[in-house]
Amino acid sequence: MSWGTELWDQFDSLDKHTQWGIDFLERYAKFVKERIEIEQNYAKQLRNLVKKYCPKRSSKDEEPRFTSCIAFFNILNELNDYAGQREVVAEEMAHRVYGELMRYAHDLKTERKMHLQEGRKAQQYLDMCWKQMDNSKKKFERECREAEKAQQSYERLDNDTNATKADVEKAKQQLNLRTHMADENKNEYAAQLQNFNGEQHKHFYVVIPQIYKQLQEMDERRTIKLSECYRGFADSERKVIPIISKCLEGMILAAKSVDERRDSQMVVDSFKSGFEPPGDFPFEDYSQHIYRTISDGTISASKQESGKMDSKTTVGKPKGKLWLFGKKPKPQSPPLTPTSLFTSSTPNGSQFLTFSIEPVHYCMNEIKTGKPRIPSFRSLKRGWSVKMGPALEDFSHLPPEQRRKKLQQRIDELNRELQKESDQKEALNKMKDVYEKNPQMGDPGSLQPKLAETMNNIDRLRMEIHKNEAWLSEVEGKTGGRGDRRHSSDINHLVTQGRESPEGSYTDDANQEVRGPPQQHGHHNEFDDEFEDDDPLPAIGHCKAIYPFDGHNEGTLAMKEGEVLYIIEEDKGDGWTRARRQNGEEGYVPTSYIDVTLEKNSKGS
């Protein structure tokens, strides 16, 4: 099958077909270009999406700690790589498909133009040969008619008796001339006809088939090029499929790495205060003196007194302190257990229940010294540290005990790194000595940059260790000082409780009063409970507000910058200090907002 033999007379049709082929090629190139733009825009939008949801953090310490957050950021990284692969697809299509198509379309136009020009030239040459042959044919035909007229004129004169001999000779000469010219034109026409037939045969069997063959090859190459571009279009996508699969596998691994137990443990480590839950309130027996009196009476008296005992058996109420949402609810009396009561017999054989005697001054001390903590504010502050940003470098957002453990752990890690750097320094010095003794083994100067870098690392690690040890000593000093102050305040409170007699008298022998009958303490505590809400806590120091605090929440105290307040309770590790104004208003203020000055042996404001 050849265009030259089958389509020898379809030059115009082939002209249109080859032009359509080039137009189709350019149309496909336009399609590829638009696909490239789509891929580029898609990659750009993916990168913008990743950038929008990636956290803007300045250091590695500020990276999220929860496994769900880490998994999400790993997915964002994989999606960013996926966007990069879409850009690779666009670049591959632009280079391998679109660029090749545009270059090939330009070459194809040039080649088609050349082949069509050759075809037109061949057709023009054939038309010229035909015109020459036709002109010679017409000239031969005209000369033959002229010779025929000359023949008729000669015959007419020759048969005419009246014609002169000169006229006959002239007619004969004219006939001979026309006959000779007719013969010459005949020969020329025969030569032109033979030439035209040869050129026509050459045109339709040699020239045109050759030109059409070249056009056919050009069109077939165009089709092959389109096939290759189709394959390259798919290969550009297929080449990145393994990497895209790895990105998707990375997303799946990130999803599998989410550990709800670990996240829950991180929540516990972030929010726990380090304090133990409050214990049960002990039962305080105020009726011992009643039972001792009843033991000498009758059974009826014991019944009456038992009724009175039930009505008087109460638990001493703790001192009213500010709580987050009002006053702290009073604890209920603990249930009676076999260890808290025993059976006593009267002289007449009756039995009744009596309660074990507890150290009332110890119970009152626990009630008076117990500080209502504000877990909601502390959890709010810790929640800020998790949501708003990372943990501080010195772990000051943690309670003292957790902070001490974290600092100690960091110091141990820094010491291990320091030991590694020291070992590396020693090894470099030994190698340098070997090079100095044996120069052929190496240049000692080449070790100097590494040695200087190791020295810098050692200095940096020592500075970090010194800084963390200073923070650790600060934490241990605060913890120890707070423990000593609490212990001394407990002792002073116990001694003060014991130095007041039931009758309101005062004695200098504290030990003697403590060893007195327990019912005396019961009377003293009942007397205290009646006026306890009106007795303010003594001030243990004062503070100055560094920053203003609005104090919108219940239980807090608003303050202005530079305002001076009295400290009535220290910070127990939850970040809040209890303070009082000069007008008697009390509440909790953030410890980080004030400058605290404690006064030893302070007896009040």
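Every residue, even glycine, has its Cβ placed from backbone N, Cα and C.
Keep in mind that what you see is a predicted model, and the values were worked out from it rather than measured.
Taken straight from TrEMBL:
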COILED    130-174  coiled coil
COILED    404-438  coiled coil
COMPBIAS  476-490  compositional bias 'Basic and acidic residues'
DOMAIN    1-263  domain 'F-BAR'
DOMAIN    397-474  domain 'REM-1'
DOMAIN    538-599  domain 'SH3'
REGION    325-344  region 'Disordered'
REGION    476-539  region 'Disordered'
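Residue counts for the domain 'REM-1' (397-474) under DSSP (helix as H, G, I; strand as E, B; rest coil) come to 72 helix, 0 strand, 6 coil. Residue counts for the domain 'SH3' (538-599) under DSSP, split into helix (H, G, I), strand (E, B) and coil, are 3 helix, 29 strand, 30 coil.
Across the domain 'REM-1' (397-474), mean pLDDT in this model comes to 87.
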